[in-house]
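*Asks:* According to Swiss-Prot, the protein carries these features:
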BINDING   THR237, ALA238, GLU239, GLU291, SER391  L-serine binding site
BINDING   ARG268, SER269, GLU270, GLU355, ILE356, SER357, SER358  ATP binding site
Amino acid sequence: MLDPNLLRNEPDAVAEKLARRGFKLDVDKLRALEERRKVLQVNTENLQAERNSRSKSIGQAKARGEDIEPLRLEVNKLGEELDAAKAELETLLAEIRDIALTIPNLPADEVPVGKDENDNVEVSRWGTPREFDFEIRDHVTLGEMHSGLDFAAAVKLTGSRFVVMKGQIARMHRALSQFMLDLHTEQHGYSENYVPYLVNHDTLYGTGQLPKFAGDLFHTRPLEEEADSSNYALIPTAEVPLTNLVRDEIIDEDQLPIKMTAHTPCFRSEAGSYGRDTRGLIRMHQFDKVEMVQIVRPEDSMAALEEMTGHAEKVLQLLGLPYRKIILCTGDMGFGACKTYDLEVWVPAQNTYREISSCSNVWDFQARRMQARCRSKSDKKTRLVHTLNGSGLAVGRTLVAVMENYQQADGRIEVPEVLRPYMNGLEYIG
């Protein structure tokens, strides 16, 4: 959520920055609501002061032995008017808040202006895509050769965009997540967390999934509605529970940065992606990811973004997977991000790079929703923290990249050296 004072006092400047990311802010409506808020605020305060004054008069009149009934009736009437004014003000404030919850974050000045993914800017490349002297098999073909990917079984169990992994392919999938966690915790300074896969609506509001992206989530619903039944949703990313661990907290600044990681399944409805990536593991309703989250001082967040992106890059480098780093343009950034780097790994069967990690600085956008603050050691004043999140990495897509980049002419899959300790020294699948 943007700073309400910024929306209130500098709506034109905010609108100009939001226009860079293709969002039209209704400045006239905001101004009208703000003028109405001021009127209602003054009216409410005046009624409160008048009621307090009249209430004191009752005691004074009673002490003088005067008839207090007219004053009592007047105070009661003022009370009714005050309650009505407060209710009207609360309704207006709720309307303003609802609008604020739909406004995306402001882009950082250095983010390239653009409409969509076609306007993203490549920053760098690492590694050289392998040249094959045989016909490339895609990961689906390789997985079926080794009885490791069973999409038909998943359709029977659940439906499309799910998979059953088996044997050494399932083992490599597990090895990848363990390798990523060990790297981030042992070398990059993150603490490992195990978090719930179901979260409540307050948690989803905190990180910005609600109210705007309710349709992208899988929501729980009792077979028979009960008055006390809780509303939960499956997490779309571990960013949601990890970041919300600091919700409503005041953290001493000398405790920052807080760096957390978790390996979880992620659940997404993939609304709007009909017909895209229907074959294989690239776009699933359920997929595993190792997530990185940092909670930092505001002045440290841009440096933290560079560091976090480097941590994700290290995973790819140790796996020997060619990739490119791009900075997303204003029109392609996520709702809460002010700046985002994507890492795209080389997928031989598609002869292109595909997203495997997204690392974002969110500034104080989530912290304001969560009321997550830090306290200065010198003057004890509090301020909102900055939050960052990044994939380190998407496990299923990493599996795709390993299977395809390490395939052999006979269909075997070489196991990258860094994964062999997690697979009992196995060198090849098949």
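For all residues, glycine too, the Cβ spot is worked out from N, Cα and C.
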*Asks:* For ARG268 (ATP binding site), identify the closest of the binding-site residues THR237, ALA238, GLU239, GLU291, SER391, judging by Cα separation.
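*Replies:* For ARG268 (ATP binding site), the closest Cα among THR237, ALA238, GLU239, GLU291, SER391 is found at THR237.
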*Asks:* So for THR237 (L-serine binding site), how many other CB atoms are inside 10 Å of its CB?
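*Replies:* 22, counting other Cβ atoms within 10 Å of THR237 (L-serine binding site).
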*Asks:* Kindly assign ALA238 (L-serine binding site) to one of the three DSSP-derived states: helix, strand or coil.
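*Replies:* Reduced to three states, the DSSP call for ALA238 (L-serine binding site) is coil.
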*Asks:* Taking ILE356 (ATP binding site) as the reference, which of THR237, ALA238, GLU239, GLU291, SER391 (the binding-site residues) have a CA within 10 A of its CA?
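*Replies:* Of everything listed, what lies within 10 Å of ILE356 (ATP binding site) (Cα to Cα) is SER391.
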*Asks:* For the recorded L-serine site, whose residues are THR237, ALA238, GLU239, GLU291, SER391, find every other residue on that chain with a C-beta no more than 8 angstroms from the centre of their C-beta atoms, and list them by sequence position.
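*Replies:* Same chain, not in THR237, ALA238, GLU239, GLU291, SER391, Cβ within 8 Å: VAL240, LEU242, ALA262, THR264, CYS266, LYS289, VAL290, MET292, VAL293, ASN389, GLY390.
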*Asks:* At the Cα level, what's the spacing in Å between ALA238 (L-serine binding site) and SER358 (ATP binding site), rounded?
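*Replies:* Each residue's Cα considered, ALA238 (L-serine binding site) and SER358 (ATP binding site) end up 13 Å apart.
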*Asks:* Taking Cα atoms as reference points, which of the binding-site residues THR237, GLU239, GLU291, SER391 is nearest to SER357 (ATP binding site)?
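*Replies:* Checked the binding-site residues THR237, GLU239, GLU291, SER391; minimum Cα distance to SER357 (ATP binding site) goes to SER391.
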*Asks:* At the Cα level, what's the spacing in Å between SER269 (ATP binding site) and THR237 (L-serine binding site), rounded?
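*Replies:* Rounded to a whole number, the Cα-Cα distance is 12 Å.
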*Asks:* Given a separation of at least six residues and a C-beta threshold under 8 Å, show me what packs close to GLU355 (ATP binding site) in the same chain.
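*Replies:* Listed in sequence order: ASP342, LEU343, GLU344, ARG397.
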*Asks:* Between all pairs in ARG268, SER269, GLU270, GLU355, ILE356, SER357, SER358 (listed as ATP binders), what's the biggest Cα distance, rounded to the nearest Å?
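*Replies:* The widest Cα-Cα gap among those binding residues is 19 Å.
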*Asks:* Using Cβ atoms only, which residues of the same chain lie under 8 Å from SER391 (L-serine binding site) while being at least 6 residues apart in sequence?
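*Replies:* When sequence neighbours closer than 6 are ignored, SER391 (L-serine binding site) has THR237, LYS289, VAL290, GLU291, MET292, ALA312, ILE356, SER357, SER358, CYS359 within Cβ distance under 8 Å.
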*Asks:* What's the CA-CA gap between GLU270 (ATP binding site) and GLU239 (L-serine binding site) in angstrom, rounded?
*Replies:* 18
*Asks:* Just to verify: the residue among GLU239, GLU270, GLU291 with the fewest other Cβ atoms within 10 Å, which of the binding-site residues is it?
*Replies:* GLU270
